[in-house]
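*Asks:* Questions regarding the structure given below will be posed in turn.
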Ligand SMILES: NC(=O)N[C@@H](CC(=O)O)C(=O)O
Ligand SMILES: [Zn+2]
Ligand SMILES: [Zn+2]
């Protein structure tokens with residue numbers, strides 16, 4: 001299969017190419033990029049007025065498969081991913097059962113090739129069953145192609161055990177993705193600890209619940225030398241600590257999710273479970289620090305923490321609802337609208353944070369770039385498309401988003417994975 005993408009604005013974080021080019025895709029690879037390519041192709045895409053970006057790599061996704069298929073599956077999550085321009089997903093291991101062995105990683109990888117249009121990298125848990133008691137088979141899972149271990153959903157509270165896990169990960173050449181939350185300090189909190197929580201009569205989660213574990217995990221990474229990636233950072237002190245770690249030259253990276261750089265706790269007007277996630281929406285000050293962190297390069301990655309739940313689990317009060325919101329199908333448009341259109345990031349920065357930097361963290365040298373010889377995982381993105389987010393257009397089983405009805409700019413027109421067109425926008429409203 002050959003695909004010729006004509007006159008698109010190529011944005012390549014690897015070569016820093018940033019201009020209008022033709023791109024020829026042959027088989028799985030980007031064959032040629034030039035000002036004018038006239039070769040014949042099976043498919044010609046007119047990309048005038050759109051950006052040609054490297055396929056997004058989402059380091060933080062919950063596919064819920066195996067065991068929680070009523071929330072999401074490899075197939076529905078994969079389809080949601082390519083709808084959002086995401087061509088590689090890191091699937092968190094908090095499934096049923098928890099992914100904590102070589103065989104379980106291999107089983108997901110085998111199925112994902114058949115069932116998901118996006119590439120899936122299954123992450124392994126740090127401890128067996130995420131019970132925090134004994135280490136999972138970290139070496140075995142690394143051998144099965146899990147590029148990182150993570151206890152996401154919680155922290156490994158036993159620092160000694162976590163340190164041992166980090167040493168194993170370091171030995172196996174993989175990273176640790178850290179969910180930072182001191183569970184002993186949550187004390188029943190369900191949203192940010194502030195005036196709005198008081199108004200709603202809900203228990204609060206303070207910033208220190210996150211911050212003390214960020215500090216601990218950075219220190220443990222310093223001691224063990226493991227590559228540490230901090231998940232869903234939500235506080236201004238997290239940004240400060242990541243900056244300190246980087247100044248010291250520690251192998252620490254960090255991600256921010258769109259909801260944390262867009263919404264504040266004050267956006268929770270009524271008791272609505274779709275605004276409940278972990279960590280919670282924070283203050284304006286935190287949001288500004290996260291935006292500045294992204295702008296000045298302290299925060300490396302934009303990921304979604306796509307966390308689908310059923311209607312029944314989310315259409316409850318904040319106290320009773322499950323933690324988590326979906327993100328795969330809204331992340332590109334929200335990032336473009338809120339950060340690129342407003343001048344916080346350039347389109348090149350967006351490509352770096354959503355694709356190139358995640359590829360670097362995972363060690364995927366053939367991905368994250370629109371360059372000759374690289375894998376043709378690509379997104380064709382129309383920055384001028386203006387519409388309202390409609391959860392009913394999601395391919396995900398999860399419709400749990402606080403962004404339903406929000407006006408955005410930017411739409412994924414085509415997604416290519418391994419040189420195949422795996423998603424193509426169809427304007428059903430015209431029919
Ligand atoms: N973020 C969430 O609120 N929920 C996640 C768990 C997690 O990412 O910690 C989930 O698995 O539902
Ligand atoms: Zn988490
Ligand atoms: Zn998560």
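Glycine residues also receive a Cβ, built from the backbone N, Cα and C atoms like all the rest.
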*Asks:* TrEMBL has 152, 179 binding Zn(2+) 2. Which one of 109, 229, 232 is in the same site?
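*Replies:* Candidate listed by TrEMBL for the same site: 232.
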*Asks:* For the Zn(2+) 1 site that TrEMBL describes with 60, 62, 152, which of these is also annotated: 300, 305, 349?
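*Replies:* Zn(2+) 1 site check in TrEMBL: besides 60, 62, 152, the record includes 305 out of 300, 305, 349.
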*Asks:* Which of these, 83, 309, does TrEMBL list as part of the substrate site with 62, 63, 64, 94, 278, 323, 324?
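*Replies:* The candidate from 83, 309 that TrEMBL ties to substrate along with 62, 63, 64, 94, 278, 323, 324 is 309.
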*Asks:* I'd like to verify something. Among the binding-site residues 63, 64, 94, 152, 305, 323, which ones have a C-beta closer than 6 angstroms to some atom of ligand 3?
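*Replies:* Checked binding-site residues vs ligand 3; flagged 152, 305.
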*Asks:* Could you give the Cα-Cα distance between residue 278 (substrate binding site) and residue 62 (Zn(2+) 1 binding site), in whole Å?
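*Replies:* If we compare the Cα positions of residue 278 (substrate binding site) and residue 62 (Zn(2+) 1 binding site), the gap is 13 Å.
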*Asks:* Those binding-site residues, 94, 152, 179: which ones have a Cβ sitting under 6 Å from ligand 2?
*Replies:* 152, 179
*Asks:* I'm trying to understand the geometry here, so how far is the Cα atom of residue 232 (Zn(2+) 2 binding site) from the Cα atom of residue 324 (substrate binding site), in Å to the nearest whole number?
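*Replies:* The separation of the Cα atoms works out to 11 Å.
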*Asks:* Where residue 60 (Zn(2+) 1 binding site) and residue 179 (Zn(2+) 2 binding site) are concerned, what is their Cα separation in Å, rounded?
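*Replies:* About 11 Å separates the two Cα atoms.
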